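Asks: Taken from TrEMBL, the feature S-adenosyl-L-methionine binding site applies to Ser419, Ser420, Ala421, Pro422, Gly423, Gly424, Lys425, Asp443, Asp470, Asp487. The coiled coil feature in TrEMBL is assigned to 217-247. Summarising the annotation, TrEMBL assigns compositional bias 'Basic and acidic residues' to 24-41, 57-67, 179-188, 777-789, 801-816 (among others). The compositional bias 'Basic residues' annotation in TrEMBL covers 46-56, 111-122, 685-698, 830-847. Residues or ranges marked as compositional bias 'Acidic residues' in TrEMBL: 127-178, 189-214, 624-633. Per TrEMBL, the feature domain 'SAM-dependent MTase RsmB/NOP-type' maps to 327-614. The region 'Disordered' feature in TrEMBL is assigned to 1-214, 619-661, 685-861.
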Amino acid sequence: MGRKAKFTEGVVAKKGPGRKTKKQKDPLFSKALIDAKESNDAKLSSRQRKRARKRIQKVEQRKEKQLLKTQSPSPHDNSKESSEESSDEEELLLKPSKAGFSDHNNQWLKPKNKTSSKRQLHKTAEDESDSEDDEIEDENENSEAEVDESDEDMEEAEDDSEEDQDESEEEQDSDEESDNLKVQKLNDLDSDSDSNEEDNFSPESDDNDENDDLLPIEKESKKLKKRQEKEDKLAEEELQLNIANQEKFIFPAKGSEDDVKSLQDVQQRIREIVSVLADFKKLRDGKHSRSDYLEILKNDLCTYYSYNEFLMDKLLQLFPLSELLEFLEASEVQRPLTIRTNSLKTRRRDLAQALISRGVNLDPIGKWSKVGLVVYSSQVPMGATPEYLAGHYIIQGASSMLPVMALAPQENERILDMSSAPGGKASHISAIMKNTGVLFANDINRDRIKAVVGNFHRMGIINSVITCMDGRNYPQYMKGFDRVLLDAPCTGTGVVAKDASVKTSKDEIDIQRCYNLQRQLLLAAIDSVSAKSSTGGYIVYSTCSVLPEENEWVIDFALKKRNVKLVSTGLDFGTDGFVNYRHYRFHPTLKLTKRFYPHTHNMDGFFVAKLKKFSDVIPKSSNDTDEPAEDIEDSKRAAEVSDEEEEIESPKKKAKISENGVNVPTKLNGIEKKTKKLDKKIKLVKGTKEKVQKKKAKIVNQEQISEEESNNTKKKKRSKKADKLDNSKTKNDNQANKKVEGISKTNNVKAKNKKSENMKNISKESKIKNQASPSLERVDDSTEKDKGKNKNKNKKLQNKAVDKKSKISSSKKSDLIEWTDVPMDAAKKISNKMKKNTKKTIGKLKPRKSDKSSKKFKNKK
Ligand SMILES: C[S@@+](CC[C@H](N)C(=O)[O-])C[C@H]1O[C@@H](n2cnc3c(N)ncnc32)[C@H](O)[C@@H]1O
């Protein structure tokens, strides 16, 4: 290894461009150095000189011996061999030994004892260490010194051996000893060099020089640090190993689920179950289902984060497990305090400067807002600074700015904030409108509305009308707004960090109440807007809840009930609203709505939707309140049934419907739940059986009915035919009767003085009529109509009628025959009826006033 020195070459190194980059050539030494080396050789110690002399003498003696041998050759060839060997030895001594196998060094092939093999090993190590030494030499003087020492020792040993033993043997042994010694020493060196190497290659070694400058305490502390680091490394490795070889999560025995000593244990179990659920196939114990694990996880989450089971259930349905943990963790932490600059009074930059000068540490809220500031720390209470009192800003959550941004109010518009108290968003709207147009700020709560008044005064809002009424009634009093904001009352599941009571106080009824009210308010908000507004026609709906029941469902309901469509909120961040949530399918445009979460957006949980009204017509089919609730209940029930079928889903609480139609959740223990489930399934099976039976019965009935119907239709056809025949006859009769009666009446008119005779005639004729047709009212009508007809015409008709009468009488003979077939009792009845009818007709036929007047007129004439 190493580069060979060329002492003979010139001393001066070449100069020129790129010389540094050229490959390094063999080292060159100055002549002075070479001379010095030679002189060093000359300056040998007395011992060395002695040894040198001895060697020379030995060589000479051997030469002499050889000469003698050659002169007197031995009888055996062995001598030759020996001579050859000796010559070989000489050569070995004189010439440098060749590396590798050759005929000259065949001794190497002879088996060696352990020590020699060891030595061999050591030698290889030595070689390596030598090579390393070459590199280390300059840096490590100590090692060099040790090598020198070893050399000296070797020489001493050589001397001793020379003195005591035979020359050749001595030499060999001494060589071996020296080798051994050397190896031992090199071993030490190796170890040292190793350590040195470590020092050299480790970054610590670079600090050696620096270490020299350090105080001993500092050095010690450094060492301690290094040790600490090493220990940490080891601990980390151990931990990783433990994780890799982690034992499977042992499912707690029945009844021992709650035997957890501390919150840390609960947290540990949460982690373990989450990891099991993440790779359920691999890590499950085979006995328990996913829902079993989920049940324990839910209980643990409830105890660890202090939620009630109902809300935890809802959240478990809403988020994937890993995200749920993030949400729960984020909901434990307060969101950063944020303020909104009142652009009616100041600019954000000026406000920031003023607050900074008061010791407030703040920053712009983000690129998405031009008026928001986030406050990291403050030496003064933010709700009591002169700037606050002057109305330069309002303390407002970042998420509260989003609905107003989505509403995008315009100057000079008529805008309604349906539930505005305490007025954060309303004042924002007013500021964007630059105090123009009119802002109606409404709220149902009289106490809270005072806060609106206060805030508006402080912030210099002068374009507002503050009302206090139920928003649901608003369109009854006022309509035609350009835009409406409905920041609806909600369960507040997105602002748990602000109000921790939400965790335990909310249940199914609260949610139902909320979404029913939200729906009604939203429909009212839509009805308050004018679709014909030239600038607007928009409705923004927002809540601080993360539950789909209060968000997507409400919007989906409004889409069905009113002529509105979803449009983009214009907010470029936030996650899209749900289109599919569990088993529910919402309108596809619901992806245009936006959701905001504390764990992803570092702001309160929020929902924002923007609707555009395209027609003021309210669809007739819409039943605004009751229907949807039922719809949802149905869909919920459907979901519950499918939940039972699914292993993945957590078991849900069931709700019983109370008298007032509200779902009341009931707490059930495990056995009750299972029995109820089974009951339900049995009911379902029974229901389906019954349905099948009913269907069968229906089919049989239908067949029977169809048979009956066909029979009936046949009968009816027959009877119809008969009726038709009868009718045709009766029609003919009627026609004839009419004319006959008409004639008789004209006769009545003519024969004014012969009333009694006429009456007799009429009675006679009526008898005939009655025989032909039972109806006489038509006859009366015809008589009245015929009153004004000419006498001539009557005469003609009379003649015709006489002819017809004779005809009819002949034709009626058959009818009469038929009538005679009628049983006597029935015939009597009919005749009685006829009599009565005739009496009536007589009463009707009495002369009227007009007739009297006509008489008078005639008399006058
Ligand atoms: C979420 S808060 C509104 C916050 C307000 N937008 C703000 O930014 O300051 C909901 C409000 O709705 C009001 N409210 C509840 N029921 C109402 C109803 N039927 N009509 C109008 N307002 C109602 C509550 O009094 C409450 O002040």
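Using N, Cα and C of the backbone, Cβ positions are placed for all residues, glycine too.
Thinking about packing and proximity, how do these listed features fit into the structure?
Replies: Applying an 8 A CB threshold to same-chain residues 6+ apart, the list for Gly423 (S-adenosyl-L-methionine binding site) reads Ala441, Ala451, Val452, Asn455, Phe456.
The predicted model assigns the coiled coil (217-247) a mean pLDDT of 81.
Helix first, then strand, then coil: DSSP counts for the compositional bias 'Basic and acidic residues' (57-67) stand at 11 helix, 0 strand, 0 coil.
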Asks: Rounded to whole angstrom, what's the largest C-alpha distance between any two of Ser419, Ser420, Ala421, Pro422, Gly423, Gly424, Lys425, Asp443, Asp470, Asp487, listed as binding S-adenosyl-L-methionine?
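Replies: Answer in Å: the longest Cα-Cα distance is 19.
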Asks: Going by DSSP, is Ser419 (S-adenosyl-L-methionine binding site) sitting in a helix, a strand, or coil?
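Replies: SS state of Ser419 (S-adenosyl-L-methionine binding site) = coil.
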Asks: If one looks at the chain holding Ala421 (S-adenosyl-L-methionine binding site), which residues at least 6 apart in sequence have a CB under 8 angstroms from its CB?
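Replies: Same-chain residues close to Ala421 (S-adenosyl-L-methionine binding site) (Cβ under 8 Å, separated by 6 or more) are Asp443, Asn445, Arg448, Ile449, Ala451, Val452.
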Asks: What does DSSP say about Asp470 (S-adenosyl-L-methionine binding site): helix, strand or coil?
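Replies: In the DSSP reduction, Asp470 (S-adenosyl-L-methionine binding site) maps to coil.
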Asks: What are the DSSP helix, strand and coil residue counts for the compositional bias 'Basic residues' (46-56)?
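Replies: Helix (H, G, I), strand (E, B), coil: 11 helix, 0 strand, 0 coil.
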Asks: Given a separation of at least six residues and a C-beta threshold under 8 Å, show me what packs close to Lys425 (S-adenosyl-L-methionine binding site) in the same chain.
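Replies: Residues satisfying the criterion: Ser400, Pro403, Val404, Asp417, Leu485, Asp487.
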